[in-house]
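What TrEMBL lists as transmembrane segment is 9-31, 656-682, 694-716, 722-744, 775-796, 833-852. Residues or ranges marked as coiled coil in TrEMBL: 136-183, 275-309, 448-475, 551-578. Per TrEMBL, the feature domain 'ABC transmembrane type-1' maps to 657-854.
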Amino acid sequence: MAMIQKKNYILRHIFLIIITIIVLFPLVWVVTTSVRRDNAAFSPKLFSSRITFNYYRDLLFPKATVPELIKDMNSTAHFIGENSSLSFDEAREKLNTQISDFETYISETKQYFEDINLRFENILTNINSKYSNEILNDINTARNNEVKNLSEIEKELVRGMDLSEINENISSLKTKINEYLKLRDEARTILNQISITPENKTYISKTFDTIYGLKPGYTLWNIRVYKKWKKLQPDNSELQKLPAIIKSLYANWKDITKTAEQVDDYFATLENEKYGNELSKLKDYESKISSLQKKSNELSSKISEKNKEILKLNGDLNALLEIYAPYGEKLSSAVDIFKKYNLKEKKIYTLEMQKLMDNAKYLSNAFTTINENFVLFDDFKEYKTYIESFASSFIWINDNAVKIYSNKDVEFLNPAYKTITGVIEAINPTIKTFENLVLTLATNIKEAETLDSEYSRIKTELEKYNNEYNTLYNSLKTEFDKFDKLKNYGELLMVKEFINADVNNYEEAQFISTLLNSKIFKYYKPDKKDINIFTLKENIEEANEKFQKSLVSFNKIIEEFESQLAELKNNSDDYLKLNYGGYTADILPIMQISSIYNSKYGPAKADLSRSSRIVSDLSDSVKYKALKSDLRKIDGNIYNLLDKWNPKQRKPFLRWLMNSIIVAGITAILTVLMTAVAAYPFSRMRFKGRKEGLLYLMLIQMFPAIMYMVALYGILKFMGDYFGFIGLDTLSGLIFVYLGGVAFNMWLIKGYYDTIPDSLEESAMIDGATRFQTFWLIVLPLASPILAVVTILSFMGTFNEFVMARIVLASEQNFTYAVGLQTFSSGPFETEWGLFTAAALLGAVPMVILFLSMQKYLVGGLTQGSVKG
């Protein structure tokens with residue numbers, strides 16, 4: 001009997017799982033983002049407990065928020081926009097409805113604030129009573145975890161080290177910390193014995209902050225708190241005990257830090273004894289490296305400035321060279337003419353000849369200097385020939401000035417003479433500038449080369465010292481790193497000893513959090529979860545404080561809104577009569593409401609948003625059921641409250657969706673009708689041009705529609721000018737464009753017709769049926785699978801098409817789904833991925849419904865239509 005061998009497909013399964021995750025991840029992201037309140041552009045969470053369906057509501061049932069309602073009331077009261085055609089009674093009814101909606105928002109806002117305030121009170125009560133012991137136990141558990149972590153660091157740090165010489169310091173440090181904690185407890189006891197009143201509440205709070213803060217500042221507390229408090233309660237005996245205790249706390253803290261520094265100094269001395277020579281070398285290297293780095297930076301700055309100057313001079317020189325270049329060829333040609341002629345010297349003297357001689361001498365000297373320096377200019381190699389030509393020409397002219405002048409009247413030489421004098425007159429005014437510019441540029445280039453050379457030398461030297469430093473440091477890196485931490489061993493002991501004491505209240509927990517986050521021992525990073533539990537009460541109190549501040553601001557806004565709404569409501573008829581009939585008069589209550597919102601909502605929102613952020617983070621980290629429930633409810637209420645007050649842009653999404661359904665539906669129906677009829681002759685009939693027609697259809701299908709979009713655009717523009725219903729920015733015009741893609745579907749249906757036996761039609765025609773009857777009653781019913789396939793493909797292709805629709809459609813009301821969806825990813829919706837993904841999912845619904853209802857035809861239609869026989 002043959003044995004069945006089981007094969008292991010682990011790698012194949014792993015590969016399939018990875019591929020599945022990669023393929024499904026975008027879909028999962030779209031679905032989760034559409035219901036997350038977290039902004040997907042910034043939140044790293046794929047799944048969140050902060051769920052909302054507001055994005056879907058805003059798309060399906062858009063409703064004006066507070067700022068939009070203000071604009072709508074203004075439009076209605078002024079009869080502008082879509083309200084211009086309203087009658088007086090319609091406008092009054094609409095305005096009253098809008099005022100009522102506004103009042104509803106205000107009422108809902110009050111309910112939200114009332115509920116949030118009540119839940120904050122419940123949370124604070126639970127923290128201080130019901131969950132107090134449980135939270136303190138968790139704080140102590142977290143504290144023990146931090147002590148354990150620090151102990152492990154300490155154990156690793158002091159392994160192999162002799163601590164006998166600092167045992168006394170360590171013991172002293174622990175004693176002083178215990179004394180400090182006793183003093184702090186004593187101050188707390190005194191504060192608890194003082195009755196809290198509205199007048200002294202702030203002073204008590206600030207005193208708690210002082211005694212539980214790092215390095216309790218006695219002087220500031222004495223000036224800012226105690227002296228004012230003493231005036232308020234001069235006979236309070238408990239209060240009079242506080243200054244001495246807080247002063248002792250301050251002195252004790254200084255002793256603690258001093259003792260910790262003594263421990264650090266021991267290890268610094270030990271390091272110096274053990275690695276003194278190496279440390280001295282490292283410091284020497286550091287000094288040299290620092291000095292060289294400083295010089296390098298200075299040189300780099302000078303080189304940069306020098307290069308800027310050279311760049312400017314290059315620009316000026318280039319401008320002059322472009323002027324001079326044409327004269328070089330002319331001068332060279334004129335000199336060549338004189339050289340070919342046998343010049344005769346005449347003994348004459350005129351001012352003109354003297355001028356020629358002086359100019360020739362001056363220019364020959366100038367261009368000789370320019371030519372000598374021009375070899376430095378690599379950027380102007382193409383002009384070097386011209387400069388050499390100028391120099392050689394003027395040298396020759398200088399040497400033969402008398403002969404040139406003596407023969408200037410010779411008919412053959414006169415044009416050349418005029419050319420020479422003309423060139424001299426043209427360049428003479430600027431030659432001094434040209435010469436100075438060349439000399440200045442040459443000097444700067446030489447200085448730049450010197451700076452570059454010095455910079456390279458310093459860089460080489462710097463690299464050498466860096467390499468030597470790194471080599472020495474890396475050889476002892478482990479030891480140096482250990483001593484760096486040991487030189488903070490006093491701070492480690494200090495932090496560890498402070499948090500080793502049991503926590504009995506929230507202030508002590510906050511002190512531990514501040515201590516751990518203060519980087520007193522900079523080589524340790526506390527666990528974030530532990531910090532969260534240490535600061536739980538402080539965070540909740542901060543969230544409540546921000547909420548209370550926002551509540552005050554919102555109450556003021558609402559109070560002013562209600563006053564203005566009442567005036568608007570009572571006088572709405574009068575305001576409408578003022579603007580009815582084309583006149584426009586400003587309506588003061590609406591202007592005031594708009595001004596109040598624009599000026600006061602922003603600060604109120606900022607405090608509420610900060611409170612929401614804190615509450616949101618806490619709702620994820622808190623494990624206490626009642627607290628978590630209240631925190632999540634607060635977070636949800638704040639989100640819904642701000643959602644009603646934040647500005648939004650209402651988009652006609654359902655209109656876009658319906659436009660796409662209409663366009664895709666009509667295109668699919670017309671495509672099926674045209675291709676079903678057009679494919680029949682190609683399948684059943686034999687006529688001249690049949691093969692060529694099929695070939696042309698195939699060729700047309702090879703080119704995408706976008707290639708002839710310019711022609712289509714022109715056609716639509718022409719038809720739109722004469723037939724308004726079909727043209728640019730119309731759905732019928734877009735349908736016309738989409739109907740150009742029938743060639744592929746004709747081939748598809750023609751292939752399916754070929755599979756239907758001719759004998760069925762022949763039998764029917766023998767029985768008296770016409771050709772049309774056989775087509776309509778026999779062929780079409782049998783071809784229903786391929787017709788369904790064409791319907792699905794046409795609908796899906798046009799429903800999601802973007803490029804053609806974006807070109808044809810211009811007005812927002814006529815946008816299709818794909819074009820409208822693109823507006824969510826730019827402009828005001830640039831980071832509102834929740835709205836974008838919700839729109840994407842809603843847009844997929846029509847295609848899913850169509851596909852599911854007709855999918856049974858898809859496979860059969862495609863396979864049968866592709867086989868001949």
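Quick reminder: no glycine exception, Cβ is built from N, Cα and C everywhere.
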Intrachain neighbours beyond the transmembrane segment (656-682), with Cβ under 8 angstroms and 6 or more residues off its ends: 690, 693-694, 731, 734-735, 738-739, 741-742, 745-750, 753, 775, 779-780, 783, 787, 790-792, 794-796, 798-799, 814-821, 842-843, 846
Long-range environment of the transmembrane segment (9-31) - Cβ separation under 8 angstroms, sequence gap at least 6: 40, 46, 837, 840-841
Chain residues outside the coiled coil (448-475) and at least six past its termini with a C-beta under 8 angstroms from it: 278, 281-282, 285-286, 288-289, 292-293, 295-296, 299-300, 302-303, 306-307, 310
For the coiled coil (275-309), mean pLDDT (0 to 100): 90
